[in-house]
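This report concerns only the one structure given below.
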């Protein structure tokens, strides 16, 4: 059994609020479905154009992704420093090596890939063989290459643009330059193929766009915009001839190619537009930018209306500096994070719920670090979120997702501390000049104010659960305790200026951090020092966990996050990240720790392994392990190949976070004695992280490898195996109530009577006529048969007739037939594929029934029922079937499917199994069933007992 030296076991979980980086996306078209692969930091995710939902998210790689290309519909190609990685869904299936510097651009032409590095290396790769085909060795004479394009119709040719504003066409087979264009004297930053074969749009750094005819080497027209041309795209729906150009200021310009004038210009993003792309044959444009946003624009009726924003996915466009969980009765897993642009609501469960709070025309200004106060107690009826921007206190409504009217309160000095009462009615504000003020969050009215003595900046405010006490810390080294009306109650002086104050409402403890790097924990009721932790570095942020047993501290000096156990007074875990932590928050239910980081636009969540399983605590290592930031959140929807996928929420643990253990059996026995017989789950029983996801490909890890003594449910739809249990009832229910009878056809000729005046027969007459005809036929037949019998009687009974020859002839025929039949083997029963795999699995060396199980998973419930009923008791099929069920039960895989198969098998062949011939097989099946269920039953009973004990529901 493996033990981990961490309590929170900082395993990366997911990142929320990260939508797009400053690098362009690529397009995947599969039938009528269009998706975009968007790079985000060290990973990429797949967005559907319909709703911009995250269909798929890749695991993180070693470096940031600067260029990504879609290879077909299932594979992706990304740069990773000097390497090129080839992905198939979430698995790296290959890598290309050879560059001596980082790869900055890639050009994909069918199975040929061209890669460009920082030191101007241009390699050509064959993706089918995975080998480097060649390189353009003469590229040094052309200069520094900035962009590449394959012109349509120019086979084996590539168009290169350089830093001097020149273009040249190269033949990748001969590795020679075919033609070199004069250029324009400004670096070429983008090129785009137009619908016309020989016309290329060339974007320069000075803002000019040249539509150049590369066949005749002349410019057709020139457009000019403000700023460098970062991206271009032609509209191809046939309604308008438009060219879209993007800039670093976030402006997208639409040019009319017929009039050769600017048609419309609008701000698509608040910063650089990485790419603007018109969907093929659609009046729809997709843009992404460095402001952490992906937007879809529609150009329907553009003659009357400007381009309309169809849908968008956005996040913080500047790094957030404060975050807090905001779980309400209807919104579990909600996170509020704030930046200089205001707060946003993020969802832990659904990635596309990422909504900014609207501040109308209020100028927020620069946000104050860590100043976010939120209380969901009365979020439906009053303002429940407060943020500070300079000297402005802004109150927000969670229901309206906006500033509540004119609730923008301006103070006389810069705000340095915020706090909110437990009831949510009052907000307390501290300033750098030592002022402490109380405001009603509903009306914005000031209720009380006081100035601390001696003068100093108020750096922390907390309010106890009853609302009686307000505690403040300041740069004057004082901890002050006030009444709710800001009347002084108590005060004590510490050794250094205090920079931060946090509390745990339920336990009544609060912690303050000083500039000397020491964190002190006090009891609010007794005002006594409970614990003292020497961090040794300036504390950036800290928080209590949900039950108040842990104190999590983020330090600036060594960029670490430390977890202290308050009852024992020991540090139980710590870790560090490449990007320093700026704020932290613990979820009210204890599942996650949320962090924000410098220069990172997302909010990152880390799992609390103590919440999800049993973790044995031990002393942490001498150095904090370096952990990568979590991957980005996905919704578990269809991936690129149409298969449901999920985000890589748990990746491999750091190797240095494991320690050696002794004998497993002895420790398990000791645990059982220490726990008084209550069954405990081993760490290895619940440890998914030690199994890399790449080992399974597209399969579910649970279906490929069993985890300890736990059972694994089948991945089949629930309706499939449940239908087998009620198949008879379903067939009976689906029978028609009234069987439709075929209508009687009218005769082609209607019978009539003879005579001078013929008439049609009535139904009674017709019936009578038919009866008479039947009687005549019967009478004539009997007479004929009697005559035949009499006529043949004399011949048959003629005396002296000898039949010896006939008898001898018949005997010879029988002998000949016996000889013919003797040449053939006895008739054998032809077995179905089900029975053949059943017999083969039983006779295999390790009794491997995997092929049969896979066949059953592909069969319909009716087919499974048919095969089970056809199990032959004359041969050994019954014994084979019992052994098949026994082996599956012992493996604990596909638990619910195996139980269904067992139930149906016993229901069909139960009477036969009760005979003495199958008594031993039935006993073996019973024991396997009991051993598989007993472990789960013990765990369930232990959990129920513990729940009843802690919730006082014992009866």
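Here the Cβ of each residue, glycine as well, is placed from N, Cα and C on the backbone.
According to TrEMBL, the compositional bias 'Basic and acidic residues' annotation covers 636-658 (among others).
The compositional bias 'Basic and acidic residues' annotation in TrEMBL covers 665-676 (among others).
Among the features that TrEMBL reports, compositional bias 'Basic and acidic residues' is placed at 765-776 (among others).
The feature compositional bias 'Acidic residues' is assigned by TrEMBL to 801-810.
According to TrEMBL, the domain 'WDR36/Utp21 N-terminal' annotation covers 37-299.
Taken from TrEMBL, the feature domain 'WDR36/Utp21 C-terminal' covers 706-950.
Packing against the repeat 'WD' (96-135) from elsewhere in the chain are residues 63, 66-67, 69, 71, 77, 79, 81-84, 86, 144-145, 147-150, 158, 160, 172, 175: each is 6 or more residues past its ends and has a CB under 8 Å from a CB in it. Marked as repeat 'WD' by TrEMBL: 96-135 (among others).
Sequence annotations record features per position, and here TrEMBL assigns repeat 'WD' to 222-265 (among others). Note on the repeat 'WD' (222-265): DSSP counts are 0 helix, 26 strand, 18 coil.
Per TrEMBL, repeat 'WD' is recorded for 266-297 (among others). For the repeat 'WD' (266-297), the list of distant contacts is 17-25, 27, 29, 34, 36, 38, 47, 49, 52, 230-240, 242, 244-252, 306-317, 601: same-chain residues at least six beyond its ends, Cβ to Cβ under 8 Å.
The helix, strand and coil residue counts that DSSP assigns across the compositional bias 'Basic and acidic residues' (765-776) are 12 helix, 0 strand, 0 coil. Each residue in the repeat 'WD' (222-265) has a pLDDT score, and their mean in this model is 93. Break the repeat 'WD' (96-135) down by DSSP state and the numbers are 0 helix, 24 strand, 16 coil.
Sorting the repeat 'WD' (266-297) by DSSP state (H, G, I as helix; E, B as strand; all else coil) yields 0 helix, 19 strand, 13 coil.
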